[in-house]
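Sequence annotations record features per position, and here Swiss-Prot assigns substrate binding site to Asn11, Asn78, Gly88, Asn89, Asn163, Asn199, Glu217, Arg218, Gly227, Thr228. The active site, proton donor annotation in Swiss-Prot covers Cys87. Feature annotation from Swiss-Prot assigns active site, proton acceptor to Cys226.
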Amino acid sequence: MIFAKGHGTQNDFVLLPDVDAELVLTAARVAALCDRRKGLGADGVLRVTTAGAAQAVGVLDSLPEGVRVTDWYMDYRNADGSAAQMCGNGVRVFAHYLRASGLEVRDEFVVGSLAGPRPVTCHHVEAAYADVSVDMGKANRLGAGEAVVGGRRFHGLAVDVGNPHLACVDSQLTVDGLAALDVGAPVSFDGAQFPDGVNVEVLTAPVDGAVWMRVHERGVGETRSCGTGTVAAAVAALAAVGSPTGTLTVHVPGGEVVVTVTDATSFLRGPSVLVARGDLADDWWNAMG
């Protein structure tokens with residue numbers, strides 16, 4: 001069984017090319033694959049298929065709004081095996097893989113997801129490296145919220161980027177203070193406000209067009225980066241200074257991306273790296289349940 005390993009600003013994924021959606025992706029198999037000791041290790045799994053194939057085998061009960069049968073479909077699973085609506089870093093790596101592997105020849109095309117269609121532009125593509133931007137759709141502000149991260153209470157802005165986020169801008173937080181925060185510890189939040197859980201970002205206030213961010217992803221824990229989280233962070237940071245639109249560079253532990261927020265949509269641009277390709281042992285895969 002063929003796989004590839006890639007990352008977007010060190011948010012890493014195992015890609016499983018499965019155009020006809022024939023693989024059975026149980027939660028146990030995904031979790032084992034993402035385990036950094038038992039498996040290959042990753043923050044999530046990206047099945048590379050089409051929307052029509054995913055619907056035909058029951059991965060999708062129906063096509064997400066705006067997604068066409070012929071669109072590529074990113075079947076994204078968190079490290080715990082749960083399905084996820086969207087992953088901004090994952091879309092960039094997914095698009096890079098399609099182009100680098102020859103499955104796609106266009107520089108501009110649509111990647112479908114549970115959150116809907118995501119148009120991508122591949123600005124530069126090599127076998128290992130790419131520069132990709134994604135139209136992430138409109139990021140919707142959902143009001144104020146609170147979370148406890150690393151033993152500290154933060155006030156934030158709830159933002160829907162196809163998945164739920166609570167982006168907490170702290171004007172007193174320094175880059176060093178952010179680095180010292182225990183973001184990997186369990187976070188707490190209002191379960192009534194976020195019944196399905198939430199991704200929590202903690203970030204500095206914008207300075208010279210840039211913010212620094214760390215993220216605790218639901219179903220994963222702290223990751224080196226989160227694409228949708230950087231969009232939520234940019235929305236919250238711009239709102240904190242009274243600007244509903246604008247462009248910010250978002251620094252994360254794994255690198256940096258550029259987020260542009262407009263009245264109608266948002267764009268995420270950043271790198272993708274394809275690290276390896278190989279074969280999974282069928283006996284191991286089958287034994288994982």
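Cβ coordinates come from backbone N, Cα and C, glycine included.
Annotated features, which come from Swiss-Prot, shown on the structure.
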residue : record                 : Cβ contacts under 8 Å, 6 or more apart
Asn11   : substrate binding site : Asp43, Cys87, Asn89, Gly90, Thr223, Arg224, Ser225, Cys226, Gly227, Gly254
Gly88   : substrate binding site : Gly8, Val134, Met136, Val161, Cys226, Gly227, Thr228, Gly229, Thr230, Val231, Leu268
Asn163  : substrate binding site : Ala84, Gln85, Met86, Ala115, Asn199, Thr228
Glu217  : substrate binding site : Asp43, Asn78, Asn199, Thr223, Cys226, Gly229
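Of the listed active-site residues, namely Cys87, Cys226, the sparsest Cβ surroundings within 10 Å are found at Cys87. Within 8 Å of the centroid of the Cβ atoms of Asn11, Asn78, Gly88, Asn89, Asn163, Asn199, Glu217, Arg218, Gly227, Thr228, where the record puts substrate, the same chain has further Cβ atoms from Ala84, Met86, Cys87, Gly90, Val215, Val220, Thr223, Cys226, Gly229. Every protein chain considered, the tally of other Cβ atoms within 10 Å of the Cβ of Gly227 (substrate binding site) stands at 28.
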